[in-house]
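According to Swiss-Prot, the Zn(2+) binding site annotation covers Cys69, Cys71, Cys87, Cys90, on the basis of sequence analysis. Annotated Mg(2+) binding site per Swiss-Prot: Asp489, Asp491, Asp493, in sequence order, evidence recorded as sequence analysis.
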Amino acid sequence: MIDRYKHQQLRIGSVSPQQIINWGKKILPNGEIVGEVTKPYTFHYKTNKPEKDGLFCERISGPIKSGICACGNYRVIGDKKEDPKFCEQCGVEFVDSRIRRYQMGYIKLACPVTHVWYLKRLPSYIANLLDKPLKELEGLVYCDFSFARPIAKKPTFLRLRGSFEYEIQSRKYSIPLFFTTQGFDTFRNREIATGAGAIREQLADLDLRIIIDHSLVEWKELGEEGSTGNEWEDRKIRRRKDFLVRRMELAKHFIRTNIEPERMVLCLLPVLPPELRPIIQIDGGKPMSSDINELYRRVIYRNNTLTDLLTTSRSTPGESVMCQEKLVQEAVDTLLDNGIRGQPMRDGHNKVYKSFSDVIEGKEGRFRETLLGKRVDYSGRSVIVVGPSLSLHRCGLPREIAIELFQTFVIRGLIRQQIASNIGIAKSKIREKEPIVWEILQEVMQGHPVLLNRAPTLHRLGIQAFQPILVEGRAICLHPLVRKGFNADFDGDQMAVHVPLSLEAQAEARLLMFSHMNLLSPAMGDPISVPTQDMLIGLYVLTIGNRRGICANRYNSCNRGKYQNETKNNSKYTKAKEPYFSSAYDALGAYRQKRINLDNPLWLRWRLDQRAIASREVPIEVQYESLGTYHEIYGQYLIVRSVKKEILCIYIRTTVGHISFYREIEEAIQGFCRAYSYGT
């Protein structure tokens, strides 16, 4: 449907019986009304043509071939001069065959049937509105219980006997046995109600506004009572209050949407268009039918049997009528939601029938796969892997994906630079992967963000913008810190990439959706780009250092035997002196030359303007030199002082891993400061 703002939308809800008739009703030129499916047949086994008034009837659903009726006559579609519009012999309309994708039919049920979604799904809407236990309502729907009609003003047989007193009582084996079909109908119409018809009567008698008022009064009374001191009673009161809130919300919804509650009980059953439940031929000419066709056939068979019992057979016991009504109810339940009442129905090969609910729900259902999961132009999909060298706002796109996504822009660039004279030549250069193509692609990607999305998109961080760069391979590279926002793992997860085309979309991506601008969780406000998993392990390994401490290198009489044993057991062991470095650059150079390891302790000269060490710590050792200068050695640093006790320089005890980690943090802070000063 289309709203007043010309937006296409889909609304799912209950419809009136008149609306169901309007979906499938057609009036032929001779005045005959078609649309009702009365026969459970599909195609004739000899002619291979649809059966009249069957599930694939061409009079109801339209012609199989455009403009050709069941007789074989042909009319030009849309030609106003062609008359008549319907075939006079077979009654088939001369229209396009695509009408069989949306032209519906209907089945007129011989008895009311409850919609299993509203009865059996939790919470049960029918049970909530009627304020009755679900178990009792199920017994009433499936003809296990009956209740007296509180509408007769004069005394009746049951009211004089006091058998019911308007309460649901079991009369399954006591009432129908004494009546034939005609007598049972008269008795039931006057005295009792059972089956879905009883539910329909109760729903039709409801006043939704009175339900809201009474529920609100009861909810307030329960709230004023306070705690009873009994845990079970308090829990029972809380459950009752929650039920009253759900009941009021449900009643308000029915009022707001202008839907009558009795629509939850069906008198007419819509029949899906034939193209949505096809019968196809596989290899060898064997037909393959949709499960929904078999479920529809079961409904029609049982409904026709019940119709015969009510119209033709006057001597049939009332018990048989009730049993047949129960079979019709179960057949409709299986069609709508197979297995909701327990064991699902299976075919001859022990395969579960796929009901209407199975067709539309789930990941492979009609909505998620066909409507919500449509393929989108300028989009791609691939596995994600870690790109630790990437910036937070960048992502790596494989060349194969990038050239497809930006092919239109590359073609325009080739033509503008007069490298190609037309689109065909430009596409041939792209297929041949000439070097100029990659240069133009780099230029195009430099100013064009892309959107990355991982399903399911549960919050706004499920889709973020990135600046793409070309990478080798066939996987999308991501910075590990953006993983948590997407709720993704690098174990085979896939992500979709989209190219924003309009200027508005690109501006929104740059201003609102870039990953480095979404560092906090929109729900809690906590940081969401934090190191996790292998990043924490890497940081631990990088900064673990040598845990023996500075005293481990000291030689004294206590550990003399230890050094001797180590020398004997390991011929490669040498007691190396901890090296001194004047800058971090020299230390990293020594590591690259493999002169030191990542966790080897070393002394790094520290600039005085970077840190002022003021500590009351007592030095572990003081070493004097011949010129009068001396070294004060502490646990993690060393101070070189002059004769006048002035600080000449400071060395800190660290490792190459700590130096690398510090340099990364320092560069990140400096980059943030530059960006902040540029923004202000």
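In case you wondered, yes, glycine gets a Cβ from its N, Cα and C as well.
Structure coloured by features recorded in Swiss-Prot.
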| residue | record | Cβ contacts under 8 Å, 6 or more apart |
| --- | --- | --- |
| Cys69 | Zn(2+) binding site | Glu58, Pro63, Arg75, Cys87, Gln89, Cys90, Val92, Phe94 |
| Cys71 | Zn(2+) binding site | Cys87, Gln89, Cys90, Val92 |
| Asp489 | Mg(2+) binding site | Arg483 |
| Asp491 | Mg(2+) binding site | none |
| Asp493 | Mg(2+) binding site | Val383, Ile384, Arg454 |
Fewest other Cβ within 10 angstroms of its own Cβ, chosen from the binding-site residues Cys87, Cys90: Cys90
Cβ-based neighbourhood (8 Å from the centroid) of the Mg(2+) site, residues Asp489, Asp491, Asp493 excluded: Ile384, Ala488, Phe490, Gly492
8 Å Cβ shell about Cys69, Cys71, Cys87, Cys90 centroid, Zn(2+) site members excluded: Ala70, Gly72, Asn73, Glu88, Gln89, Gly91, Val92
